[in-house]
Amino acid sequence: MHPALSVIFFTTATGAGYGFLALLGIFGASGLLPSDRWMGLSGLIVALGLITTGLLSSTFHLGHPERAWRAFTQWRSSWLSREGVASVLTYIPALLLGVGWVVFQDVSGFWAVMGVLAAVLSWLTVACTAMIYRSLRPIHQWHNDFTVPSYIVLSLMSGAVLMSALTKLFSIDNGYIQGLTVITLAIGWALKSAYWNFNKKSKGLPTVNSAIGVDAGRVNVLEAPHTSDNYLLKEMGFKVARKHAERLRLLSHVMGFALPLLFSLIALFTTGATAVIASVLAWALCSLGILVERWLFFAEAKHSVTLYYGEQTV
Amino acid sequence: MTSLPPETQKKLGLVIDLDTCVGCHACATNCKEWNTGGHSAPLTDVNPYSRDPDGVWFNRIHSFEIDRGANGVGMTVNFPRSCLHCEKAACVTVCPTGASYKRAEDGIVLVNDEKCIGCKLCSWACPYGAREFDVTKGVMKKCTLCIDRIYNENLDEIDRQPACVITCPVGARHFGDLGDPGSEVSKLVVARHGRDLMPEMGYKPTNKYLPPRPRKLDPALLGAPLELKPRKTKKGEKILAWVDNLLSR
Ligand code: SF4
Ligand code: SF4
Ligand code: SF4
């Protein structure tokens, strides 16, 4: 599949934003974060900023952005529509949490409920995003049981590294936050490695024989229907060279998981400037690594229409 | 509403005969000609007369070579590919806007170009690549089964068929109600063991494809020798060859 930059940015930015918002809600509500105004303000600005720019960038690839409101209407059948509805609903408890935290410097009682609600809706939104891909049967690399857990864990993970960097910047040494960062990085790494392994081995059910309804014999393309690229090939026929993909995967292993894990462990056991630098480095590297991971998620996905253009299996 | 109708009154669709299709592209050309003024008009082209032409087509004709290995003869299969008007059309259910829909009366899958936001998700959801995005109009386009022909009372009854069916020079394309077991198309599907494409995807396509009839696999059975051997010339032939040589100087 064509790795469109707007969609890659959208999924990574909203993933981190919702993961971070959820942790702000949960840690805020449970009193593990100070109810100090500046803590709440900076946290919510970062979280909602990421979410909002991500959502806006997703409208860039639309043919008719001015009709985007129509996408809220089909929540009964469409995961894309559900995602839209959930994303907008999340703003309500998130902004109310902001009122409590920033205006009243209070994250207990009603405001705490809003924090928990914001977290639940954030996770729901990320799950809906994942389900958009999970539900597409023509794309075996998405239509499998790794997609939803990966999106949720990676969202939590990028939220946690962000939270870790922010709290260290506020000179808060919270073992739970640092511990969660390390744990989510480890789970995320394991999950993504398992997914890449699955991708290497597993193929979708259709073959070129079932695609054209002729069972016997090997099928080769004799002549293509058109002499230059068309929409199908540009959108669904994207092919990444194996060598290129392996290099990017290594980059993703190192920048997305290994180094952030190392720096998070350093941040866990240190304080002061070392801890600040380590946690900020963990966040910066992880963000870049996840962008590469997301690029691969699209670029390595094979659509069944490519069976008509020379692929034997997908 | 992008939920699918539980049941459609008719299942209008095409039956395409892979045995007789000669890959002439006439169906695709006539489709383009009719539909660029039809329900989903226009079928825009980008750079049609220069480098890298691109454009929207509802029907594309592929040609495949079936290699049957050392013992069998090869075979060419021409394969027209268009929307199959699936019963379980996920292209419809993924649509966030209600622009994509399947009609309860005849099962035809359509796009309302006034509601479409051009998110392209439906084209990702179609296993067969039947939907093409129109970059100039910013909306998704697809085969309409020529709804503006098949119900068109200004046309003679015999012409109320999809443009591709009307135009096929070898009669490889058939149109009718595949939900009615007594219809000509349904009988054809039974007689010729008509097939679903990618049945494992679970989309339950309405259109059916008739596989190529079995070929005689041994070349000798076709009357053709396996290899060509030089033939001995007889006496009389030598004189003829000499005359031929003389005259063609
Ligand atoms: S062939 Fe593709 S576009 Fe047509 S109904 Fe089936 S899934 Fe939808
Ligand atoms: S491109 Fe148009 S028809 Fe297709 S899913 Fe999006 S809004 Fe619906
Ligand atoms: S017009 Fe008929 S023979 Fe020609 S490509 Fe189309 S189906 Fe095949």
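Heads up, the Cβ atoms here are built off N, Cα and C, so glycines get one too.
What TrEMBL records for this protein:
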TRANSMEM  A:7-29  transmembrane segment
TRANSMEM  A:41-63  transmembrane segment
TRANSMEM  A:84-104  transmembrane segment
TRANSMEM  A:110-136  transmembrane segment
TRANSMEM  A:148-170  transmembrane segment
TRANSMEM  A:176-195  transmembrane segment
TRANSMEM  A:250-269  transmembrane segment
TRANSMEM  A:275-297  transmembrane segment
For the transmembrane segment (A:110-136), I need the partner stretch with the highest count of C-beta pairs below 8 angstroms, choosing only from A:7-29, A:41-63, A:275-297.
A:7-29
Segment proximity, the transmembrane segment (A:176-195) to the transmembrane segment (A:275-297), 3 or more C-beta pairs under 8 Å:
yes
Recorded stretch that, among A:7-29, A:41-63, A:84-104, A:148-170, A:176-195, has the most CB pairs under 8 Å to the transmembrane segment (A:250-269):
A:176-195
Sequence-remote contacts (6 or more beyond its ends) of the transmembrane segment (A:176-195), Cβ cut-off under 8 Å?
23, 27, 32, 146, 149-150, 153-154, 156-157, 160-161, 163-164, 167, 252-253, 256-258, 260-261, 264-265, 267-268, 279, 282, 286, 293
